[in-house]
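Undergrad: Here it is: the structure, laid out below.
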Amino acid sequence: MNINVASLLNGNYILLLFVVLALGLCLGKVRLGSVQLGNSIGVLVVSLLLGQQHFAINTEALNLGFMLFIFCVGVEAGPNFFSIFFRDGKNYLMLALVMVGSAMVIAIGLGKLFHWDIGLTAGMLAGSMTSTPVLVGAGDTLRNTITNGPALLAAQDHLSLGYALTYLIGLVSLIFGARYLPKLQHQDLSTSAQQIARERGLDTDSQRKVYLPVIRAYRVGPELVAWADGKNLRELGIYRQTGCYIERIRRNGILANPDGDAVLQVGDEISLVGYPDAHARLDPSFRNGKEVFDRDLLDMRIVTEEIVVKNSNAVNKRLSQLKLTDHGCFLNRVIRSQIEMPIDDSIVLNKGDVLQVSGDARRVKSVAEKIGFISIHSQVTDLLAFCAFFIIGLLIGQITIQFSNFSFGIGNAAGLLMAGIMLGFLRANHPTFGYIPQGALNMVKEFGLMVFMAGVGLSAGAGIGNSLGAVGGQMLIAGLIVSLVPVVICFLFGAYVLRMNRALLFGAIMGARTCAPAMEIISDTARSNIPALGYAGTYAIANVLLTLAGSLIVVLWPGILG
C-alpha cells in the first residue's frame, strides 16, 4: 500500500495542523546552551518549512486560534488589572508604558530607516519583545485595515517573517541582559533585596519554611486547676500568652468545642493547637499533667484552601492586618496574577489575590467568609459565561470610531481582550460565576496560540526564502536594538526618576517584558524571590499594553509614511 504523504496532508487540514503542532512542540524542547527554543518558535519554524513546500490550512483556523489566545490573556489579567490604575501601582503602570512605548517608537524608526513595510516592522517588534500579543494585535488590525487581497497577504507574510527572524534574538539578548545588566549598575541586587526585606520584615530566602500546627492533648490535674484559679478560658488568655488555643475538651465522656466561658475542671481532657514553639511556652502545669493519646480528641480536620480576596475589609489591607494566626489559620502562599509572591506582612492585598491557607476546616471557612471566598475545587468550566463573553468581545470588535475623516475599528483582538478582562474581574468578585480551572485556561490559551502560529507560518513559508536574503542582516541589528534599548531606558527611568529599589525595579522590567526565564535569572542574582513583587506589578498590564501596541503600530503606520 502506497501512501502519498504530501497529498494526504494537503487533503486534510486537520491532520496537517496537528502534524505541524506535534513536530513543532518536539522542536520547541531543543536547547541551545541554556536557552530552550520554546513551543512558539518551534511550531513557527516547522510551519514555515512546510509552508515553503506549499502546504496550507484554512485561514479560519488561524483566526480562531488567535481569538482564543487573546481572550484567555484577558481572563488572566482581569482579577488584578484595575488595581494597577486605582492604587499604588502607578509606578508599575508607568514602567510598563515606558517599556512598550519606547519599543514601539524605536521599531517605527527602524522600519522607516530600513524602508520596511508595516508587516516586517510589526513582526520585528513582536519578535524582539518576545511578545505574541503584539503579533496577534497587529495581525488582527492588518485584516481590518488592508482591503487589497494581495497587499494583505504580503503584509501577513512579512509579519510572520519578522517575528520568526527576531524572536530568538529577543529572547537570548534579554536573558543575557538580565544576567549582566544588574552587574553594570552600582547597587548590588542582593543588597537591594535585603534592604526591602529589612524594611518590610520578610525573609529573603526564596525557599521559605512553613511550619504546620501541632495538636497535643492533656488531662487536667489539680495543679492546672490551681493555676487557672477559677478563671474561664477567656480570662486566662492562653492564646495571647502562648499562641496555643484549646480546640476541644472532653468532660464526662462528652467531646465538645469550648467557648470562652468554659472553666477547666479536674479530669477534663483538652486538646491544644499551635506551633511547636507555642507549645513550649505553655505553663508547666499543662505539660506536667498526663499527656493523652485519644483518637477523637486529637482528630482535627486540617484542610488547605485557596481563598480569593474580595471583601472590603481585606482589599487594600496589609497582610499582617488579617491576623490569620489569631483565627487558628496558617498562610502558605500568596498568588497574584498566577505569580507566587514572597510572604510579606506589608504586602497590600489586591482584589483577586489568592491566599493559600491551612487550618481546621471550620476556622478556614470562617476566615474565608471575612476575606472573600474559597475558590471552588471544580474541574468544570462555566462554558456559558465563557461563550457569552466571547460573543461580547466579538461584538465590541465590530465597533468603529470616527474622527473627522479618520476611522478606527476596535478589532477582534482589542474587543476580546476587553471582554476577557471583564470576565476575569467578575470571576474575582463572584465565586460561582465564570469559573475556569487554571489548567483548562492554560490549555486553551496555549492551544490557541499554537494554532495561530501554525497558520501564520504556513501562510508565510512560501515567500520566506526571497525575503530572508533581503532583510536578514537588518533584522538581526533591529532585533537587538528593540530588545535591549527599551530595557535600558526603563531601568534609567525607574532608577533615577521613580527612584525604585533595584530588586523591585529589575523584577518589574522583566514583568514589562513578560519574560519568565529572565525573571528567574534576576531572582538568582538577587538570591531572593523579592523581585517577584515587581514582576507581578507590571506583568498583567504589560500583556494588555503589548496587544494594544500591535494594533496601534498598524493604525499609525500610514500617517507616519505620509
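Heads up, the Cβ atoms here are built off N, Cα and C, so glycines get one too.
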Undergrad: Looking at 37-57, 499-519, which one does Swiss-Prot call transmembrane segment?
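TA: Matching range for transmembrane segment: 37-57.
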Undergrad: What are the DSSP helix, strand and coil residue counts for the domain 'RCK C-terminal 1' (202-288)?
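TA: Residue counts for the domain 'RCK C-terminal 1' (202-288) by secondary structure: 25 helix, 22 strand, 40 coil.
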Undergrad: So if I exclude everything within five residues of the ends of the transmembrane segment (541-561), which remaining residues of that chain have a CB under 8 angstroms from its CBs? That is, six or more out.
TA: 70, 73-74, 76-77, 81, 84, 89, 92-93, 96-97, 99-101, 103-104, 107-108, 112, 118, 121-122, 125-126, 129, 131, 133-142, 145, 408, 411, 413-414, 417, 421, 511-514
Undergrad: Can you give me the average pLDDT across the domain 'RCK C-terminal 1' (202-288), rounded to a whole number?
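TA: Mean pLDDT for the domain 'RCK C-terminal 1' (202-288): 79.
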Undergrad: Same chain only, please: residues at least 6 beyond the ends of the transmembrane segment (383-403) with a C-beta under 8 Å from a C-beta of the stretch. Say none if there are none.
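TA: For the transmembrane segment (383-403), the sequence-distant neighbours (Cβ-Cβ under 8 Å, at least 6 residues beyond its ends) are 67, 71, 74, 409-420, 422-423, 433-434, 436.
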Undergrad: Let's see if you can do this one: DSSP helix, strand and coil counts over the domain 'RCK C-terminal 2' (290-373), in that order.
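TA: With helix first, then strand, then coil, the domain 'RCK C-terminal 2' (290-373) has 23 helix, 32 strand, 29 coil.
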Undergrad: Report, as numbers and ranges, every residue of the chain located at least six residues beyond the transmembrane segment (94-114) whose Cβ falls under 8 Å of a Cβ in that stretch; write 'none' if there are none.
TA: 120-122, 124-125, 128-129, 471, 474, 478, 481-482, 485-487, 489-490, 493-494, 498, 505, 508-509, 511-513, 538, 541-542, 545-546, 549, 552-553, 556-557, 560-561
